[in-house]
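**Student:** Shown below is the structure under consideration.
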Amino acid sequence: MTEQNDFRTVSLDKSGTKLRIIDQNMLPNSVVWLELDEIEQVWQAIRTLAVRGAPAIGVAAAIGLAVSAANIRAKDFAEFYQQFCRMKAYLATARPTAVNLSWALERLKQVVLQNKQYDPLTIKGALLVEAEAIADEDVACCRAIGEAGLPLLAGVRSVLTHCNAGRLAAVQYGTALAPLYLAKEQGQDIRVFVDETRPLLQGARLTAWELNQAGIGVTLLCDNMAAAVMAQGWVDAVIVGADRIAANGDTANKIGTSGLAILADSFGIPLYVAAPGSTIDLACASGSDIVVENRDPSEVTELWFRQPMAPAGIDVFNPAFDVTPAKRISAIITDRGVIKPPFAKNLAAVFGK
Ligand code: MRU
């Protein structure tokens, strides 16, 4: 990763009082930074996808809750805790599928409880420290995912990815794109076929932008082109991120991933899922327990530029995610190494208590 691309996409601002995020809704046309310190602003940023991608959502929620909690006025612990829990519960409703959101919020709650003997001011300081630790860990995890995934790319000339699981979706490096950044650092040129990813075009707007910035060759595809590209023999591997991985390996990721997995399977192409431990939800037995977010129909009918592109009032199905069955996943690349099937046994061995 070049110095130019070395910035964090989600962080605590220099004053230590605001959540600083790149506004992903403005990309690729403008690079706009948002600084937020109210819980409603943070909720809105997550809900509207100004900050999106499972790890980035978790880190933004942690920093957003910590800076919002810093403004709580409370005379004692009980009063502070009550207001903190109200903020935490509210933020948890922003989006349901990425487990990183509740995971990060729960970590902050534990910090509050562990410090209950101290005054609210001390607890506020401890929350900011924990939120920054979550951000630092995310950077380290993504780097580790890149290192674990790199050997899988030996001899690979081109991969296909869906949605955005890059540095915009995390603090730095990303998950699915991390091995590609590391390959680039080591002089390996891998072309990336990027699905545009309807309806919100995370592939076209975000993945194509960030890979381009990093000097990695991109070919942008409409979502219905993957089979044709695979049939040419141009795709050596499919690599995607995850929003929640169940204990049996079933994986929720951007809508369209499960279709790609069927295609990859049928063409004999490996499909890798890359994710940090914070995305693995061992409390969730299988994909059928994962709540898939349904989003506003206007995302489908009005596209990005808000021009009508379907008859007014037409019935719309707009799930943001789908679940890829574990049997179609070749391996899960994590910060603790590459997990191979059988996932139920191997995920528990690495990530179980
Ligand atoms: O709706 P989004 O843009 O938040 O969906 C994001 C994805 O599906 C990503 O692939 C996933 O969160 C992994 S990000 C490293």
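Even glycines carry a Cβ here, placed using N, Cα and C.
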**Student:** Using only what TrEMBL says about substrate binding by Arg52, Gly53, Ala54, Gln202, Asn253, Lys254, identify which of Arg20, Arg73, Arg86, Arg95 is listed for that site too.
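**Tutor:** Answer, per TrEMBL (substrate site with Arg52, Gly53, Ala54, Gln202, Asn253, Lys254), from Arg20, Arg73, Arg86, Arg95: Arg95.
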**Student:** May I ask which of the recorded positions Arg52, Gly53, Arg95, Cys163 have a CB within less than 6 Å of any atom of ligand 1, listed in sequence order?
**Tutor:** Arg52, Gly53, Cys163
**Student:** If the substrate site is taken as the center of the Cβ atoms of Arg52, Gly53, Ala54, Arg95, Gln202, Asn253, Lys254, which further residues of that chain fall within 8 Å of it by their Cβ?
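**Tutor:** Near the substrate site, the remaining chain residues are Ile57, Ala98, Cys163, Asn164, Ala165, Ala169, Gly241, Asp243, Ala320, Phe321.
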**Student:** Helix, strand or coil for Lys254 (substrate binding site)? Use DSSP.
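**Tutor:** In three-state terms, Lys254 (substrate binding site) counts as strand.
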